[in-house]
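Student: Have a look at this one.
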Amino acid sequence: MAELWGIYSKPVPADSRELWTLFLQCSCITAVIGGLFYNWMFASLEYSWHLSVAMAISLSLLLLLTLFLVHPARCVFTMIMPTLGTKQGRKLLFSTCIMIAVVNITPNIISNMKTILQVIQCICKNSSDSLLNSTTLLQKVSWEFADAVQEATHPIYKPMNGHVRFSLLQNSPLIYQKMHLAGEKISREFLSVEVLVKDSVRAANRLAAGFLMLYLCFESTWYLKNYLTNVRFDNFYITKKLERLAMDRRAAHLLVGSSKKLIRPTGLKLTREEVVLCLVQAMLVTMALMLMLVLVAMDHFAFSVADTAVRKAAQFSVVPVTLSIKYKAEMGIVPFLYKLFWRPPEALLLRDFNKTYHHQLIFSSAQCRISPPGPPSPSVLLVVGLLFCVLYGSALLEPFARRLCRGIAASFFPGREDQRVLHLYGKLARRQGGE
């Protein structure tokens, strides 16, 4: 492995064997990157498969030529890997989490809300239908009652025709049509909102992904530029070269006395600035996690409401209604006059009317087209949870990712690393002499 890394980080291959080894290494790297890039474009960014294939092949060929021919570009590309563990890499993972949530969680929320609206629409349609049908019962009751009054009253005092005609049934098709149009309009609005959200987030995610990938390359290039031009940049590590230089010059005490200000790149010790940086980044990840948990809670809440609405609507399907009419009347002044003439008062009593009618109000039926509520996808929650675990890990390991970037730059440019070690040694010696 050390020999392969030496060939990969060497500016110019020494012989044909190293040349072919370098070409094979670059070919393997570009093949893996091309496959990952295709999967990223097709699965995550949702580009068409032929565009994803064309972009992946083009990127692989360009990357192969660049890595094989340009030594600094090889260094920048290698530093991109640990740079994924820094702030820019976390932004890329945030973008992926948002895309997964919007593509998988948001449609499920909208689908459950549509289920709730379908239940409401079903209840409204069946209840209105049942209420309209009840007008037939009311008409029957009114006619029977009017007939009873007509039959029971003396011809002299017979009232006018009291029949009542209900015309609500004539408008029932119009009511159904309006309810159907209202339901279709709501469905179209939900569909348009879902499509708008998906398209907007997809476009924003594509722009953010392209920008973040370019920024990753820029940040690696910026680090390499500062490493090569500024000997003070990120130069506070006790490396093996510094230890050998101090041992050769019999000044090992310089490293012991400065142990509080210097750290070993392979150790677990963190400076105060690095600890503060880790805590701040962990807090930012926690805030993003809270927002994602709100979205997940909305998904569970929408499913719970939709499931409850469907189950309760099935249980609350039929409501019995009983209509009872009791009618008894007699003439007021006429019985008194008849009593004066010794006539029996019962002759003018109206016959009692006592009937009970039964009807059922139907709120739900099997003819209703209600989509079953969709439960939250456990696979999506698992993927999002794993991504946030990676985000927390990258937030806590960011200082070590930067140390790895420094080690990569040092292996690609050993001459510049020697100059940086000499500068740090001179700085420690001057500080020791001043003290």
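Glycine is no exception: its Cβ is also placed from the backbone N, Cα and C atoms.
Unlike curated entries, TrEMBL annotations are predicted automatically.
Under the heading transmembrane segment, TrEMBL lists 20-41, 47-71, 92-110, 275-298, 379-397. Annotation comment: TrEMBL describes 233-425 as domain 'Dendritic cell-specific transmembrane protein-like'.
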Student: Sequence-remote contacts (6 or more beyond its ends) of the transmembrane segment (379-397), Cβ cut-off under 8 Å?
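Tutor: Non-local partners: 84-86, 89-90, 93-94, 96-97, 100-101, 104-105, 278, 281-282, 284-285, 288-289, 292, 296.
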Student: Given the transmembrane segment (20-41), which of the listed stretches 47-71, 92-110, 275-298 has the most Cβ pairs that are under 8 Å apart from it?
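Tutor: Per the Cβ under 8 Å count, 47-71.
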Student: Give residue numbers and ranges for long-range contacts of the transmembrane segment (275-298): same chain, 6 or more residues beyond its ends, CB-CB under 8 A.
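Tutor: Sequence-distant neighbours of the transmembrane segment (275-298): 87, 90, 94, 97, 101, 105-106, 109, 376, 381, 384, 388, 391-392, 395-396, 398-399.
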